[in-house]
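Below is one structure; the comments refer to it alone.
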Amino acid sequence: MIIVTGGAGFIGSNIVQGLNDRGITDILVVDDLRDGRKCLNLADADIRDYMDMDDFLARIQTGEDLGRVEAVFHEGACSSTTEWDGRFVMRVNYEYTKALLAWCTQRKIPLIYASSASVYGMGPTFREAREFEQPLNMYAYSKFLFDCHLRAQQGIESQVVGLRYFNVYGPREQHKGSMASVAYHFNNQLNESGRVRLFEGSDGYGPGEQRRDFIHVDDVVAVNLWLFDNPQVSGIYNLGTGRAQSFNDVARAAIKWFRAQGEDGGRERGGIDYIPFPDHLKGRYQSFTEADMGALRAAGYDRPFMDVETGVPAYLSWLASQDKR
């Protein structure tokens with residue numbers, strides 16, 4: 001059996017699909033389905049069982065044996081960067097992951113967990129070392145502190161990998177609302193008004209020229225499954241493309257896709273409106289991120305990553321296919 005926590009969420013449900021593509025269906029999904037819309041992410045997936053997050057945590061804290069477990073993909077977390085209830089965030093992100101680490105290492109079960117590029121704060125260096133880490137919100141701090149906890153462990157004999165996700169976009173993120181990717185929001189904006197809204201310049205960048213390392217979720221899944229295939233690899237690794245691209249690049253890729261749809265597609269769609277940069281984000285907004293991918297490449301992962309010119313059209317085509325169902 002393989003356990004996927006957060007398995008009804010964005011990245012978790014895509015990992016489930018990736019496992020299904022390999023013919024693997026002996027999967028236990030762990031999640032919090034108070035937002036029942038997330039079940040739609042699993043409607044076309046095959047799994048063996050579901051367990052509520054709180055029930056799962058209680059069982060691993062008491063050391064319950066859940067049978068033969070091949071690996072745990074831990075994607076479950078409070079991922080909102082605007083959540084300031086520190087007790088809640090630390091319980092869900094930090095204490096939960098600590099308990100899962102102890103449970104897995106005691107049983108020598110491989111654990112591949114989601115960290116975050118947010119641990120680097122404003123950057124400008126995005127490399128897996130303490131000197132470059134300066135979290136700016138509770139979410140980032142909870143991820144950072146667990147990475148520190150892992151670094152302090154001695155004598156772990158099984159695989160443990162933390163993946164610092166950069167800006168992930170792609171299918172099955174619609175439940176995330178305001179926390180969904182800009183590609184998702186641009187799709188909605190172009191459908192509604194034919195225009196994309198971007199922030200004006202900030203931190204020395206021109207309008208829409210703030211740059212992020214945007215990575216398609218299919219590439220994220222590919223790395224997770226490669227790690228599953230290579231249990232000798234452990235450590236904390238960045239997971240982006242290694243190339244920063246601007247929000248304008250994402251907008252242009254979306255506009256180009258809409259314009260290519262023909263008569264009912266994007267003839268009238270394609271404007272970009274630049275809106276004032278919000279005061280509440282000043283000093284808290286990453287205007288530039290770019291993963292240093294040296295560590296993961298050195299570990300042996302050599303596949304190419306999609307750029308936004310490839311990944312965004314693929315994603316918008318998927319969204320359009322969902323609208324027609």
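Cβ atoms are placed via backbone N, Cα and C, with glycine included.
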Look at the substrate binding annotation in Swiss-Prot, where Asn167, Ser178, His185, Phe199, Glu200, Gly201, Ser202, Tyr285 are given, and name the residue from Arg211, Arg212 listed for that site too. Arg212
Chain-internal residues near Asn167 (substrate binding site), provided their CB is under 8 angstroms and they sit 6+ positions away: Ala117, Ser181, Val182, Arg212, Asp213, Phe214, Ile215, Gly240, Thr289
Three-class DSSP assignment, Tyr139 (active site, proton acceptor), comes back as helix
Pick the one among the binding-site residues Lys38, Lys143, His185 whose Cβ has the fewest other Cβ atoms within 10 Å in this structure. His185
Look up His185 (substrate binding site) in the DSSP assignment and report helix, strand or coil. helix
Compare the Cα of Tyr285 (substrate binding site) against each of the binding-site residues Asp31, Lys38, Lys143 and report the nearest. Lys143
